[in-house]
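Participant: Before anything else, here's the structure in question.
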Amino acid sequence: MNFADYDDKTAFLGQCGRFQLINFLLLCASIVPNGIVVFSIVFVADVPSHHCLVPDVNLTQEWRNSTIPNKVVNGKLELSSCSRYRLSVVRNLSAQGLVPGRDVNLTDLEQEGCVDGWSYSKDIYQSTIVTEFDLVCNEQWKQPFTSTVFFLGVLCGSFFSGQISDRFGRKPVLFSAIAIQSVIIVAQIFSPSWTIFCILFFITGIGRISSYVSAFVLGTEILSGKVRVLFSSLGVCVSFAIGYMLLPLFAYFLRDWKSLLFSIFLPTLLYVPLWWVIPESPRWLVTQGRVAEAEAIMRKAARLNKVEAPLVIFEDYTTLVSPEEAMGGRPNVFDLLRTGNIRKITVIICLVWFTFSTGYYGLSLNTSRLHADPYISSFMSAAIEIPAYVFIWLALRCLRRKLCLLFTLSVAAVSLFFIQLVPQSLSYLAVALEMLGKFAVTAGASAIYVVTAELYPTVLRNTATGTCSILSRIGGSTAPFLFKLSIYFNYLPYIILGTLAVGSIIALFFLPETFGKPLPQVIQQMPKKKKSPLNSFIYS
């Protein structure tokens, strides 16, 4: 058997039978918790209104109400979050019977930091890790850095999980990652310090990306044809968005961060029985020489689909040169740079992943600026993803992959650049443009998974999907700080995202087309780009 004949050898199953439907739904279900976990930090680490704590000392009511100075924030008068008038001075003035604002000019009083801690508003949250560990004022850098730690874990998982999955199989990595993620989420509830919380959150990031990538690759290899495109471009992504949309619902009813984390853990227990239902990838088993196991799965699938399997499915396997021999050894990350064609593809894919990831997480974590209510903001950000995924699914069914990527990047660049031209009196228009940008980067981020899976051969597909996303994870790691740059220039974050989109558009002209071509099994079958980027883009 030739590896290119794999789809032909398994065509007897059909594309949409009971076997495909069961695995489609179960693998999509395994993605739902990822949408909850990734953006749980929006609520777990949100910063409620706060000011310095005024201890219960002998002060008149006038002085107690005036101990916290006022300051102007974004044109509004608010209580200072990180300073108060020196308590010893205020106490003496109160004891003398002086009245603040009448007998004493408050602006002349000496100020001090929040030496007695902070008082946090409970209008929205009962508690967050910010209130738990006092991540405000001099420690406020820890709040966005907590998200960065998670994305660094995602980055680490992107690198190692792909190689482990290519070595030991998709299924073991998928269920191990779900188990690790679940246990660590429970452990986070009992974190005695911010440092311990971050260490555990880092491991959660590893488990999150490992389960996501493994489920994605397993689905793309079990399914075929348009059903595979439906899974990779719509099924997986909509499942993630459903989890994202459920998050504000959970957070609304569970205002305490520990209760919220525990509610995220509980549904993962439902995935334990799926170990005996979801199979290993037959395509991967064949590349590892485990033909008997692959055939057993195919025959079970044939029974589920009520079709008759051939007596021998992979009859000529013994004449096949193993993928390891074709590559000169077991696959590893360095094989992504093995030839000039692979190096070019890897560099371009990394850039596009970086652009979409930075835009997606930057705009998603910026949702609190869209509406005063964080629950509504989060739901808006999640809801816009559904039409984005439906759009890209329809586009991928009949359009070239590069055209889909080019369109989403162009819409993202235009909308993000135009935000700075909107007058402040038309704030709703700026919100609409930002949501249009979120729509575009969401659709593009979905499409790039499909393109990556179609570009790389089976022996490298999981390694490539993980490793080529490493630079995108760096983008995700910097995203929590991206919109902090607005303190220097209000529209700087949007300009950065728009510029990245333009750079990716240029790089796309050098990427080979994969639309309508079978999945490559070995490196030699990877698509190659013609010398003329423009002609190839038009006619490929």
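Cβ from N, Cα, C; glycine included.
The following feature annotations were taken from TrEMBL:
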DOMAIN    89-515  domain 'Major facilitator superfamily (MFS) profile'
TRANSMEM  21-45  transmembrane segment
TRANSMEM  144-161  transmembrane segment
TRANSMEM  173-190  transmembrane segment
TRANSMEM  196-218  transmembrane segment
TRANSMEM  230-254  transmembrane segment
TRANSMEM  260-278  transmembrane segment
TRANSMEM  345-363  transmembrane segment
TRANSMEM  375-396  transmembrane segment
TRANSMEM  403-422  transmembrane segment
TRANSMEM  428-451  transmembrane segment
TRANSMEM  491-511  transmembrane segment
Participant: Which sequence positions outside the transmembrane segment (196-218), separated from its termini by at least 6 residues, show Cβ-Cβ distances below 8 Å to it?
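Facilitator: Residues packing against the transmembrane segment (196-218) from afar: 27, 30-31, 34, 37-38, 129, 133, 145-146, 149-158, 160-162, 165, 170-171, 173-174, 176-178, 180-181, 184-185, 187-188, 232, 236, 240, 278, 281, 449, 453, 461-462, 465-466, 469, 473.
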Participant: Flag the pair the transmembrane segment (144-161) / the transmembrane segment (21-45) as in contact if three or more Cβ pairs fall under 8 Å (sequence separation 6 or more).
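Facilitator: Checked: the transmembrane segment (144-161) vs the transmembrane segment (21-45), in contact.
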Participant: With Cβ-Cβ distances below 8 Å as the criterion, list the same-chain residues six or more beyond the ends of the transmembrane segment (21-45) that contact it, or say none.
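Facilitator: For the transmembrane segment (21-45), the nonlocal Cβ contacts are 125, 128-130, 135, 143, 146-147, 150, 174, 178, 181, 185, 204, 208, 211-212, 215, 218-219, 222-223, 227, 230-231, 235-236, 238-248, 250-251, 257, 260-261, 264, 267-268, 271, 274, 277-279, 304, 364-365, 367-368, 374, 378, 382.
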Participant: Let me know the model's mean pLDDT on the domain 'Major facilitator superfamily (MFS) profile' (89-515).
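Facilitator: PLDDT averaged over the stretch: 84.
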